[in-house]
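Report on the following structure.
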């Protein structure tokens with residue numbers, strides 16, 4: 001409505017709005033402004049993704065912007081021929097010309113990893129199941145691990161805590177209320193930290209029904225009856241059970257040990273290492289994320305692969321071979337440099353095919369995802385343009401736009 005009103009004004013057409021229309025337009029503007037402000041505050045971190053989304057859509061946004069500005073040539077030409085003020089006509093015309101020239105030259109500043117030749121495309125990134133396959137099964141359960149294996153993931157990513165009697169188990173939250181029925185079984189202890197429960201207590205909890213009741217993802221409603229029954233029967237698995245399943249499925253397991261600020265954290269590390277060493281899983285299949293007491297881990301289990309949640313620094317004492325970072329924290333240039341230096345880069349959490357495509361073109365080694373069933377099916381990035389093809393599209397679009405603008409001014413005259 002605003003664009004239409006602007007075009008009508010430029011053409012000298014009276015709007016003749018009723019006062020009700022004016023009030024509604026003002027209210028609409030205020031509501032939209034408030035909504036965008038609220039979203040910007042609530043999801044401030046998502047603004048970090050803006051540059052990546054522009055890399056994915058830049059070439060197409062350029063074509064759309066050129067097309068939209070080209071269509072404005074008709075009302076603009078009408079306005080210029082109708083107005084009597086020479087100064088105003090010159091100002092508007094120069095402003096429009098400057099905007100069009102900037103758009104015509106915009107591809108000089110558009111960079112996208114997916115503008116490359118087909119033979120330059122890096123291998124498809126490996127998939128890391130975020131707490132398994134949380135869109136298909138309750139997170140951090142053996143069912144979720146099995147579903148992740150069905151999605152051809154190479155790594156099962158999880159979180160480990162240690163019970164009060166020294167049993168490491170899979171759990172992300174420090175409290176059990178979100179993913180178990182602890183409020184029903186132990187109502188007086190529901191608010192306690194997960195580590196305050198012994199293993200016998202934890203085994204009494206239902207770790208799957210919440211998934212069917214709350215439906216954290218839309219995919220839950222499409223589960224088969226057998227999957228629903230299996231989900232409802234899930235219990236909290238121990239790390240030993242998860243290691244056995246990972247060993248049997250020949251996938252790696254990557255985990256964080258929580259909570260990091262616990263007073264008995266060093267004991268947590270030792271207990272967890274003991275379970276890993278006793279499990280018989282090849283140590284190269286274990287990816288260790290926790291930073292605390294990392295040197296002790298290297299001494300006790302020298303075969304474990306260490307993954308760092310930070311970028312490498314200058315004068316690094318030991319080479320950093322694996323990094324695990326949010327996808328917003330790594331630029332395409334950094335990913336390429338790490339790849340050249342044989343450093344494995346895993347980025348999280350990547351669920352959308354467009355985002356996966358950009359990171360694929362950038363050369364990332366792997367991504368942690370909730371949507372392994374979606375990314376598994378992708379055999380190619382959503383789009384891939386050779387630079388020569390994009391150059392041709394750019395020139396043709398600009399030339400057609402220029403001719404249409406000249407035509408519009410000639411017709412209006």
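Glycine is no exception: its Cβ is also placed from the backbone N, Cα and C atoms.
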Task: transmembrane segment according to TrEMBL, located in which of 4-22, 23-41 - done: 23-41
TODO: May I ask you to indicate which of 88-110, 111-133 is given in TrEMBL as transmembrane segment?
DONE: 88-110
Open item on the list: Given a Cβ distance threshold of under 8 angstroms, which distant residues of the chain, six or more beyond its ends, lie next to the transmembrane segment (61-81)?
Closed with: 6-8, 10-12, 54, 89, 92-93, 96, 99-100, 103-104, 106-107, 110, 393-394, 397-398, 401, 404-405, 408-409, 411-413
